[in-house]
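All remarks here apply to the structure that follows.
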Ligand code: SF4
């Protein structure tokens with residue numbers, strides 16, 4: 001699909017990773033594209049511009065990347081911010097952010113920006129977005145954060161194949177414990193699936209082969225704004241109220257244990273009553289047989 005999109009659907013005029021040209025020839029193609037397709041091209045950006053020291057932390061083609069970005073954005077129809085770096089800032093914008101790295105929308109404010117976060121974004125999502133724009137000639141519907149709704153309207157948690165274990169309060173408690181081998185939910189080990197919007201659990205990765213949770217590791221929330229500065233990847237979310245009765249996983253676990261305890265106690269009481277009823281020194285029951 002990606003091959004078809006690249007070779008048959010779009011004209012990819014500039015990409016320094018895969019284009020044959022290099023150096024001045026490559027930069028000339030960029031200028032040519034800007035002049036020839038004024039207002040008619042989509043600028044897809046990876047990474048983000050560092051603004052401190054006049055942008056000198058990222059020099060591209062002999063000048064600060066931020067200059068190249070603003071120049072190409074000026075004549076574009078729309079901008080696609082590929083990945084969490086371009087969409088939110090990501091690790092190079094982590095505190096204390098010495099280079100002053102900022103997401104694209106902090107620099108470009110007068111063009112439509114489609115955010116496709118993920119570290120990295122899913123190939124099928126990228127391809128799906130390009131296909132949509134070329135097929136329908138318009139930009140897709142975006143959510144309030146500027147992400148295509150068709151790919152970012154559901155949480156990892158909503159389509160996670162371990163969700164039934166979450167709902168049944170069956171959690172992995174420690175790495176490689178018995179519950180981990182049973183494929184139980186990774187919530188207690190820090191899985192951010194309940195607060196992360198992306199299509200990983202629906203599309204998976206590498207042609208649908210797998211995704212982090214399927215490999216036994218919780219979701220890091222890499223497509224969410226600020227995920228890199230929100231503490232350890234293994235800290236549990238403490239604020240989700242997913243159980244319908246305002247309880248967290250521990251409380252649910254305790255409640256379940258309490259119910260089991262009650263059931264055991266009730267069973268023991270019934271058994272004791274039956275035993276008592278059948279004690280030889282107790283008078284035989286005169287009523288209806290039970
Ligand atoms: S908490 Fe994580 S592992 Fe558990 S069901 Fe949700 S997304 Fe899946």
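Just so it is clear, glycine is given a Cβ too, placed from its N, Cα and C backbone atoms.
What TrEMBL records for the [3Fe-4S] cluster site is 219, 222, and among 185, 200 the residue it adds there is 200. Taking the C-alpha atom of residue 185 ([4Fe-4S] cluster 2 binding site) as reference, the shortest distance to any of the binding-site residues 200, 219, 222 belongs to 219. For the pair residue 85 ([4Fe-4S] cluster 1 binding site) and residue 200 ([3Fe-4S] cluster binding site), the Cα-Cα distance reads 18 Å. Other than the site residues 157, 160, 185, 191, same-chain residues with C-beta atoms no more than 8 angstroms from the centre of those residues' C-beta atoms, the [4Fe-4S] cluster 2 site, are 156, 162, 163, 166, 186, 187, 193, 194, 213, 218, 219.
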